Amino acid sequence: MLISIAFLLVLYLLNYSSFRMLKSFLTLKKISQYAYLWFFILLSIGEAAFVFYRNIMPSHLFVLTSACSFVSFIIFILSLSFYGFSYSIEKIDFLHSRRKSLKNFLKLGFYLALLGYFWRGFYEGLARPKIKETPIYLDKLDKELKIILLTDMHVGSLLQKDFVDYIVEEVNQKEVDMVLIGGDLVDESIEKVKSFLLPLNNLKSTHGTFYVPGNHEYYHGIEPILSFLDTLNLTILGNECVHLGGINLCGVYDYFARKRQNFAPDIDKALKKRNESKPTILLAHQPKQIRSLKESHSVDLVLSGHTHAGQIFPFSLLVKLAQTYLHGLYKHSPTTQIYVSSGAGYWGIPLRFLAPSEIAYLRLLPKNQA
């Protein structure tokens, strides 16, 4: 609750600051000031509704209210940038003669930047995810292994069966050895999305489909979600390890549940039955799960999602602070690499900016082929 209140206060501070800056550099008339004031009041009401009632509100209201915080942040960043330009115009002497024309240009630039940001954001957000290929070299690997990593599909009120059908069709074209689903598959109660998930039964690969939950599965009822997914043509890796394709494939429950008694992540348990002569891959939804690894765990590769690559720049800067690894392939230690997918779907409104979605196609190769 305290974190929620703190988050809301930060949003209110952003809204207040944005209003003051807009009022200053746009030199708003009285009627325009009232219009902007009511806009920020409505924005703040939407943010309060989201913070306190997001888990019980209808899906269309969830999408609408979740958009409010995105809008606040974007307007604040643009307002701060253009306020800085406006301040410079006032302070730089040789610009005084052109001050009026420059300020008019600045006003136009602000509205164009705002329009362009949202146009590009919705364009990227609504675009279908493309397959992104990445080679990864591993010690102890005998032969090439082709993997599809799907994360953050967020199947729910906006991303439905047609989206899952598209994903399955794209994946099946690659003829891979295994498909890994790295959490946040579901973003509604399972009763609302059962029919949307059925196409997952059609995923094709040599060794099958494997899944670990993300934090959103816990939000919407982890037990009924796992019970339903257990009826599909996939294997749930809940702190478990399987041996196939010349590797140890291990999976853990999500970091979000680390203080729960049930469905909590347990890396020691997940890795207990691994074959140490083979490379070990750990499927964990959040990248920061890697902080729990010890050198003795001997994990060669961690596969994660969760970050959406920030989804909306400059949110990515905040996400990187929380998760360390944002998107792509990183070397965590001399013996451990981590790949973080930007995700196939989106959370909240269909908006992505400088963070395109992806279907990660990972080609694991013996290190001697590097």
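Here the Cβ of each residue, glycine as well, is placed from N, Cα and C on the backbone.
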**Q.** divalent metal cation 2 binding, same site as D184, H306 - Swiss-Prot member from N202, N215, N262, N275
**A.** N215
Q | Of H297, H308, H327, residue recorded by Swiss-Prot at the divalent metal cation 1 site of D152, H154, D184 | A | H308
Q. Looking at Cβ-Cβ distances, which residues of the chain lie under 8 angstroms from H308 (divalent metal cation 1 binding site) while being 6 or more apart from it?
A. D152, V319, S342, G343, Y346, W347, R352, A355
Q: Show, in sequence order, which residues other than D184, N215, H306 on the same chain lie with their Cβ within 8 Å of the centre of the Cβ atoms of the divalent metal cation 2 site.
A: T151, D152, G183, G214, H216, D254, F256, H285, Q286, G305
**Q.** Additional residues surrounding divalent metal cation 1, by Cβ distance to the D152, H154, D184, H308 centre under 8 Å
**A.** T151, M153, G183, D187, G214, H216, G305, H306, G343, A344, G345, Y346, W347
(Q) Cα-Cα, whole number of Å: H306 (divalent metal cation 2 binding site) versus H154 (divalent metal cation 1 binding site)? (A) 11
